[in-house]
Every structure is written in structure tokens, then in C-alpha cells.
Amino acid sequence: MASESDTEEFYDAPEDVHLGTGYPVGSPGKVGLLSFKEAENTANQAGNESPVQELRQDVSKKIIESIIEESQKVLQLEDDSLDSKGKGLSDEATAGPSVAGTEFSNIPGLLAIEHELQQDSEKAESQNVAEESELETQKCFPSDETCEKSEKTVDETDNLTEVSSGEQLDASGLEAETLNKEALEVKEGDVLDPASLDTLSTTDFAAVEEVAPAKPPRHLTPEPDIVASTKKPVPARPPPPTNFPPPRPPPPSRPAPPPRKKKSELEFEALKTPDLDVPKENITSDSLLTTNMASENTVRDSLPSLDLASATSGDKIVTAQENGKAPDVQTVAGEVMGPQRPRSNSGRELTDEEILASVMIKNLDTGEEIPLSLAEEKLPTGINPLTLHIMRRTKEYVSNDATQSDDEEKLQSQQTDTDGGRLKQKTTQLKKFLGKSVKRAKHLAEEYGERAINKVKSVRDEVFHTDQDDPSSSDDEGMPYTRPVKFKAAHGFKGPYDFDQIKVVQDLSGEHMGAVWTMKFSHCGRLLASAGQDNIVRIWALKNAFDYFNNMRMKYNTEGRVSPSPSQESLSSSKSDTDMGVCSGTDEDPDDKNAPFRQRPFCKYKGHTADLLDLSWSKNYFLLSSSMDKTVRLWHISRRECLCCFQHIDFVTAIAFHPRDDRYFLSGSLDGKLRLWNIPDKKVALWNEVDGQTKLITAANFCQNGKYAVIGTYDGRCIFYDTEHLKYHTQIHVRSTRGRNKVGRKITGIEPLPGENKILVTSNDSRIRLYDLRDLSLSMKYKGYVNSSSQIKASFSHDFTYLVSGSEDKYVYIWSTYHDLSKFTSVRRDRNDFWEGIKAHNAVVTSAIFAPNPSLMLSLDVQSEKLEGIDKYEDAEVLDSTSTGIVKTDNTEVLLSADFTGAIKVFINKRKTVS
């Protein structure tokens, strides 16, 4: 068992090594005289007078002679008394001042003197600590022969005593210091010479107790042992038994901590302005994404991609386990069992009405508090369930007044009708009633002919206040029974216009039951995915590409063939009515020659249990869908079942495939965590958490070709992370400098602008902003549309010339990405108020996108000539050939929009050529 002195020895070892080299190795006589002078000085300070001093002077020479004689006798002793030597060695470890010689009659006197000196040293420790240390140090070196014998004796008995490791007399200072500390552990009255004690037998100790010679005078030494002098004498430990194991070595020294950075360096790093334009050499090649991927992205084969084998292997349901750590039991129980229903004080479960009535929502404008059960009637029209859920979480009330302008110019009035507000209020109910009548009349139009059509038009014009002389409100010849497009432009925008001749070529209404929250085109532009409130993902295929995708589906989905070990959810999904799109293209209405899509979905994917919020396509036709059921599901166009389900802790608001490696995808959730998933490994590769008071991720995407991951938050922040390690890089606070919107509002969409290091950010302050990532500056602000509470997001056209967005005022808004200075004499280069509006819906336009390849959606006559070889394609890479480059098709744009009722409209616009 280690004592206090052993613990101190470990920490003091470095000092002993340093001090041990300074001991002088002199002659035995010189060392002895110095020790006696030290004893004399100490005795004089303690008050010991002349009787003791005379006795010391008479005995000093005898002690020196006895030491020399004893050293000669040591060599002749036999090893017949090992036990007595072991005991003597244990006592030697606790010995005090040296006493040697064969005249044992003087030893009792010396013991008495040393006892007084020990008491005096405790009273005046600060005066004689140096003297005692030198005396104890020199006692270990009485003569050369004695030292050699002492070392030999220690080596023989090191397995019998705990202190044997400290008795090996070495010239180095470490062994000397160890011996000095052990020598301080003295039993009171036991003062034995460590050098001569090795030669004493058991019968010698009785004689030692009878003799008490006077202690010779000591001399001061100029080099005291400072470390040993600081040790106070403690009671000696009893000798260990014979079979006691050797002592354990001291523990290794602790490693030094890394050097801390200076305060000035930390302040300098904090003041550095982050820049997103980091050279590619900074990315290591042994990490998740290598640098050479960016240089080889033109070669499709060199890029890693996701295949069906890796997507279907492993678990079908993956939980959000960050870095291999399983979530806690409460989290797993919450995901499996769902949230627990609140209970009353008596233990009864509350009903839905009671729960809604217990939640209060405050109107920040009026200060009025209303229960959530009544708030739905007073909420803005077209509010989506995600916004309603966030309002419950944040206890906020979204006001229509939040769309007011924060700039010097006021927003143009959102009233699109020419009559006053009173007249509009009176005709609101009439619109709803006559809207149904218009639909009935359209179905009867074929029977009653042109007269019925004219009557329907007159009723429609009366309800919607359209001008019959307006060319934009007239029906198109090739599109019978399609409601025309109403066009408008900004007040100060006098033309020429680019979208005043836009036409509706197809109406895909009737499939979605409820609002359509998101729409996404595949990279090739031949498939459209739409999803929303009815929990179903629908895939729409172009007419001229239907045969190709149908053959692909039939190839992988023969009779009874599905993915290996499908989950229960995928089994129910595989039973969905995906075979409804197997019918050939001849079943389509022959009158809809200008319609680019088949009127019925190519397939439907069922499996989600709540509203779908976002979609994402990969280059090889994998599709991700995120939902308010806290899951992300993976699909493939050739399969009918769900390939994998990635579970989250909260609503998944945004997802995005990695643009260069579709084995990974990004997901943002309302739990405040950004996750980078590895699809083949079925786990979370990297993750990070948003800091701040409001940890709600509402948008997410990649920028700079996957170099950075960027997310949008509920409080108006765009936070950038490097994709390689998903570490924080920088952030932008999306807000106005003054006015109502100086506080950041919810980010609803983030779109990169390739080739220019810019991103397009949509927010709930009815603004769209274009930021330059090189210096995080605002390049352009677009306004004119209304987006106060919806998840509406803006997107670019196929050639990035225009951007489009839906709006809560039932219009589709289009802006030029940059100002055409030939149209304007004086205009702010960082403001774009010159929008063009299109109205073709009767409800909030929740989504609006441009087609990535408009050349595929021209009339069937032209397409049959350009794409007659589509059935000869062997793989999907050929279909993607046109998506790699920008196709300029004689100023033609294809636009799609969806609304709150589930209607989907397809527009084609042919711009006027300026000669």
C-alpha cells in the first residue's frame, strides 16, 4: 500500500533528476567531517551546551576509525543471516544521522542527542532544512567500499522489502533522492547508520541500545538537497513480510496538454470574413467527396452513382442514428409508438377538440388570443399544414399585413379586379356557386354546341370580370374548353413583355385530392413528380417517352417480382394502382394534340401517412420524397414498391440528392438537425445541428456543385456547411434593413445559380433575393408576389434567364434574372420590381416551375421527327444527354403551376423574336 511519501515521490521525480547531478563525490573523511559539523551547528542552535560538545569531539575520531574498520570486515561476512539483513535493510530505510564503529557504548548518547536535534529541527525547520538534507545525503557515501557493499546488499534483498528500489546507490540523483526520502521515515528513537547496519547481526542490536557516544560536530555544506529538506519525518512503516511482492513501478507521467492559442490569434480568426470561394485544393482527397470529382463531372462513367442493388440491400427502414450512435429509448419509443395523447387531471385522455381548445394563438397585430380550434377560420387562406404546425410550435399568428413593403416604394395593391372591395366581397359567394355551374356547362357543351359555349363564356366573364375584347382572355383554337390566361404586369413596366402570349396547353386537374405542395422535373425533363396533401407521389410522363419508361418498368417488374425482403409499407405500396399507366398512348384523347403529358399518371407511389413536403430526383431516376410523417422514402421509376425508408425525429421539410454523388442525400428537419445520409450503407454519414433560439430547418439544398450544403431556418438564416465534413462555414441573415421585415422571416426555398456562385433565396416576407457567394452580398431583390405563410419557392428557367414563383394571390409571377437595360432608362440594378403575372387558377398557386428541356414539349408532329428513336435507347444515360447542356429552342418556354385545390396547368410561351 503506497504511503504519502510514495505519492510525493512521483510528482517530485523530475526535480530530483535535475538536482542529483550536483552532489560532490569527495573522500570519506571529508564527507564525515562535514556531517559532524552540521550536527554540531544544529546542536548549538537547539541549546545543547559544552558537556555534549566535548563528548562529540572525543568520539569523532573513534567513529571515523570504526567506519574504516567496519568497511574492511564487511567483505568477510557470509550470507547466513538473510532475514536479519532484510530487517536491517528495512530499518536502514528509515534511519537518521550516521552512527558507525564498533564502540557501541557511545551509541545511546548519540541517540539522545539526535532525538533532541530532531525536536529542534521541527521547531526551527526554516533554519536548518538545508543542513539536515546535506547530512542525510552524505551519510549514504561514507566510503567507496561501504557503498559497494551497500549496493550489493540492496540487490540481494530487493524482493523482501518495499523500499529496496530506493536503496541502490547510484551516482545519478534519482536513486539518491529516493534513499533520502525513505531515510526520513524514522521510528522515534531508532537512529541507525545505513552503511554499517548491513554488517550487524541480531545480537548487535542489544549492544547498540546500551552505548550512547556523543555526536561529533557537523559542518555546513554549500550544496544542500532542497527537495529532501522539505520532507518532514513521519513514523516509519513496519517491515513487510518475507514473501511480500516487490513494489509496483510509479505510473507513467501524464502527457502535456496541447499548447493553447494566444488570445490575439483567436480574436484575429474571429474577425476574418468567411468567403465561400475556397480553392478546391483545400479539400482532402481521402474524405467523403474528392476534389477530382468536380473536374471529371463531364464524364458520367467516372462519377459514383447509386444503383438498384445497393439501394435495395440492407435494412428497409433506417433510423436517424448520428455517427453510429443509437437514439435514446425515449426517442425510439416516440418514433414507434408516436406521441402520447395528453391527459386530464383525472387521467382521462383528452379529445381532439379539447386539445385544440387548450392551445392559444395570439394575434401579434391586435393582441387578441384565440384557441386553436377557432383559429383555422381566421387564418389566411391557403395556409399549409406545415405552417400551421410551426405556428403551434412557436405560438405565433401569421398576419396578412406581414406582406407590407419595407422599402421606400409601397407594394402595389394586391387587388387584381377592377371593382372596389365592396363589390368583390359581395361576389365572393357568387363565384363559388357559379364555378360549379361553369364546370357542368363545359360537360354539356358538346351537346348544345356553340350556343352553350358562348353562354358559358358569358357567365365566366361576368364572374371573373374579364374583358371580352381583351386578346389575352380569349380561348385558344387548339385548346377547347380551357379557361384562358389573364396577363398583367407591374405598374411601371410598360413593355415589351415576354410572356403576354403564353397559352395553357394542358390541364392535369382531377388527380390530386387536395393541395399540391411540391413539383419536380427529372434531370432529363421527361418525368414530372408531384405530391401534396393526399400523401401520394404521382409520376407524370411525356407522351413520347412513355414507351421507354413502360418497357423499363416491365423489365424489372415481371409477374410477382418485387424487391427482396420488402417492408410492410412497401407491400402496400406495390399494390397501388401503378398499372393504370400501362395503357398505350392510343388511349389518350385525340383532340389533345398539344398536350405534352399523358392525361393519367405513369405511376403512383403510396406509403406516406401525412402530407408530402419535398421531392428530389437523381440522375438515374431515383426519387426521394419527404413527408410530415417524419420519414424520407426512396423510390425508383422501374419499381412499384418503396426501396428504403429513412426515419427522422420530426417533420422532414427539405431533401436534396448530392449533385455529383447520388449515393448521398441531404435532409433538413424541424428537429434542427441537418443530416447527410449514405444510401448504400443505410446510415447517417454526417450530421450537424443548428444553433440559436429557433432550431427549425425549413429549406435545404446544395450549392457550388455540391461543395457546400446550405439550409434555411424559420428565423431567416441561411447557414452554409462544407459538405466534406458538414462543418459550419458561414451564414447570411436574410432580412431587410428597416421596416416590418427587418426581423428575419421563414426561408421557404434555396436554389443555386450554376456558373455564377449565386443562390436564390425565397422567404415569407414576400421577397426573393439573389446573393453572391463570393462576398455574401445582395445582388438582386425581386418583389411583387405575395408569400406570407406558404411554402412557395422560386426557381430558374432552363437557361437561367427567368425565375418564376407561385403566389398567394392566385397568380404566377415571372421576373428576368437581370435587368434588360434596353427597356429601362433609370433603374436600380439591385432591385427588380418589373414582373409579369399570369392568372389561370382560382386558388393559391402553391408551386410553379419551368421545364428543364422545353424542346421535348413541342407539338407531337415536331417531336415525332426529333425523338422517333427514343425506344432504341438502352439505358437512362442516353435520355440524360440533353440535360447535360442548355438547349436553346427558338425562344420557347414551358411552364407548370399547381394550386391549393390540386389543379396542375401546363403553359407554353413563345417569345417574340426581335429583328
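Using the three backbone atoms N, Cα and C, a Cβ is placed for every residue, glycine included.
Residues or ranges marked as compositional bias 'Pro residues' in Swiss-Prot: 235-258. Look at Swiss-Prot and you will find Ser3, Ser27, Ser50, Ser66, Ser344, Ser472, Ser473, Ser563, Ser567 (among others) tagged as phosphoserine. According to Swiss-Prot, the phosphotyrosine annotation covers Tyr11 (among others). According to Swiss-Prot, the phosphothreonine annotation covers Thr221, Thr273 (among others). Swiss-Prot lists 647-687 with the feature repeat 'WD 3'. Among the features that Swiss-Prot reports, motif 'FFAT-like motif' is placed at 9-15, with the record citing similarity to another entry.
Here the repeat 'WD 3' (647-687) has a mean pLDDT of 94 out of 100. Each residue contributes its Cα atom, and for Ser344 (phosphoserine) and Ser66 (phosphoserine) those atoms are 98 Å apart.
As a summary of secondary structure, the repeat 'WD 3' (647-687) carries 0 helix, 24 strand, 17 coil according to DSSP. According to DSSP, Ser344 (phosphoserine) sits in a coil region rather than a helix or strand.
Reduced to three states, the DSSP call for Ser66 (phosphoserine) is helix.
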